[in-house]
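A short worksheet on the structure shown next.
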């Protein structure tokens with residue numbers, strides 16, 4: 001298995017380009033938090049979640065701002081993390097199908113493991129052996145020697161992995177004991193499968209759950225296992241007896257997260273019902289409701305700085321992470337004020353968290369405006385914002401306003417083809433460009449708010465401009481005057497202008513913008529920040545990864561062709577004119593109605609009375625004046641109609657077809673002379 005090694009898949013697989021519109025520093029979790037790890041030696045908490053970012057926080061309560069740093073390299077949800085090597089190394093598993101190895105103290109990614117073929121959902125760690133296991137939706141379990149992973153370098157970048165086979169369904173949970181002698185997996189198969197990681201031998205299959213197994217814990221010696229399931233139960237298994245020895249019905253809904261004390265006598269559980277219980281494994285009737293969260297619980301992490309544990313950290317589908325005290329739990333038990341019937345409401349031990357790591361808002365709704373450049377979004381705090389896809393930035397925070405009203409307010413009778421797609425999975429705007437439609441949208445420079453140095457109004461391709469901006473730091477895209485002598489360069493505007501500057505000559509995207517090259521279907525090939533494409537390593541990886549359709553526009557400057565639209569032009573029934581032979585015409589879909597009116601005036605109406613309207617003085621007029629005269633006369637004398645609706649001369653053909661024609665077949669336009 002090659003770590004950080006990418007084969008040149010760009011030529012064989014369909015590759016898309018994505019980028020994320022965001023702030024340079026995303027200080028707060030922007031979505032649900034899937035994973036937690038506590039480093040008691042440094043008083044640090046690692047959170048990893050659905051916004052793709054791993055963050056490091058100080059758990060020192062005296063610090064006003066707990067944020068320390070972000071660890072960014074993943075491109076999709078981070079589903080699990082484990083701290084290894086006494087807190088020096090962090091391993092992460094993600095829905096981008098990779099496992100990453102991080103320097104936890106310095107916060108940088110050391111290597112990437114690409115063995116999995118689908119979402120990686122769970123990790124397990126054997127502390128005494130420095131062994132990590134990873135598993136996911138591809139039904140595979142891989143074993144990794146952490147010391148080997150941390151020794152990987154650019155020249156020594158291969159690592160051997162063992163795999164455990166036999167799972168028939170997607171794996172959602174994984175556990176390994178500290179000694180590294182037992183590994184257990186839980187899946188949608190509803191069974192627990194058990195192996196010996198030393199020999200990769202299958203040991204047993206444990207049946208009992210009736211739904212997905214979402215959480216697993218193993219006793220240090222590997223003799224007992226705890227499982228939490230979407231069926232709402234917690235089960236205690238004896239691996240020696242190969243059977244379930246106790247079932248705990250504590251929760252009203254699915255159990256998604258478990259923690260256990262070092263003595264393996266008390267289990268802490270949370271899940272869909274938002275409640276966190278502590279249950280005595282020896283006396284199942286004794287369970288204490290510790291607290292109730294505001295959202296379903298995804299992960300918990302015990303503070304093991306003392307015995308019994310003084311606190312528990314809790315992550316949910318919301319972005320805030322809470323620390324709840326456990327200090328009164330023994331008095332609570334001793335008083336007998338515990339729940340022995342989970343159907344009866346009881347008072348939780350804690351009503352307020354001891355410490356809060358505040359989260360940020362997640363974008364949950366978006367609307368692409370008609371200009372196919374701007375987007376309106378609404379977040380979990382009901383704040384509405386206005387974004388520019390082309391410049392990859394937020395234009396304005398609109399606050400708590402009515403989302404639908406803002407959409408109506410910004411509606412324009414203009415049609416631009418779709419040229420990108422939007423994904424909100426991480427809680428931020430991720431824009432994806434695909435070869436099939438990236439170059440579909442042409443607009444005039446004037447309509448896009450750009451001015452040309454020569455005062456002209458060239459046609460611009462939005463997808464082409466954006467790709468040039470995203471890769472403007474990549475030296476391969478830079479053109480020098482010497483290159484221009486050898487190659488005739490077509491600018492994105494279609495002009496033959498000298499292009500010595502980087503980018504597209506109109507705008508730049510923020511240099512911190514993450515750019516992602518990935519296979520259609522989600523597998524990431526390469527992620528980098530826009531500004532880093534000038535680096536030697538990054539430039540080399542771009543050479544291997546950037547697909548030909550992007551090379552064509554950014555390196556070779558080959559512009560896509562204009563979109564053509566076929567249409568028919570006929571006299572209106574009210575004009576009394578003879579119907580013409582039905583010729584099928586074709587023009588750029590951006591052609592304005594006024595240009596068709598000029599064509600009608602000059603080539604059709606004027607032909608009948610050309611001898612009367614042409615004079616010697618007119619013949620002597622400069623060509624430009626003639627054109628201006630025709631434009632004015634056409635607008636004064638001609639009307640163009642579609643579906644019996646008089647058309648605005650400023651409208652273009654694609655807008656007419658989309659908003660007025662609205663039917664299959666070729667567009668049909670009718671003309672008539674205005675009544676005087």
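Glycine is treated like the rest: Cβ placed from N, Cα and C.
Swiss-Prot lists region 'Disordered' at one of the ranges 585-606, 607-628, 629-650, namely 607-628. For the residues 28, 277, 506, the entry in Swiss-Prot flags phosphotyrosine at a single position: 28. In this structure, residue 214 (N6-acetyllysine) is part of a beta strand by DSSP. The separation of residue 28 (phosphotyrosine) from residue 214 (N6-acetyllysine), Cα to Cα, is 26 Å.
Neighbour counts of Cβ atoms within 10 Å were compared across the modified residues 28, 214; the minimum falls on 28. Sorting the repeat 'WD 7' (292-334) by DSSP state (H, G, I as helix; E, B as strand; all else coil) yields 6 helix, 19 strand, 18 coil.
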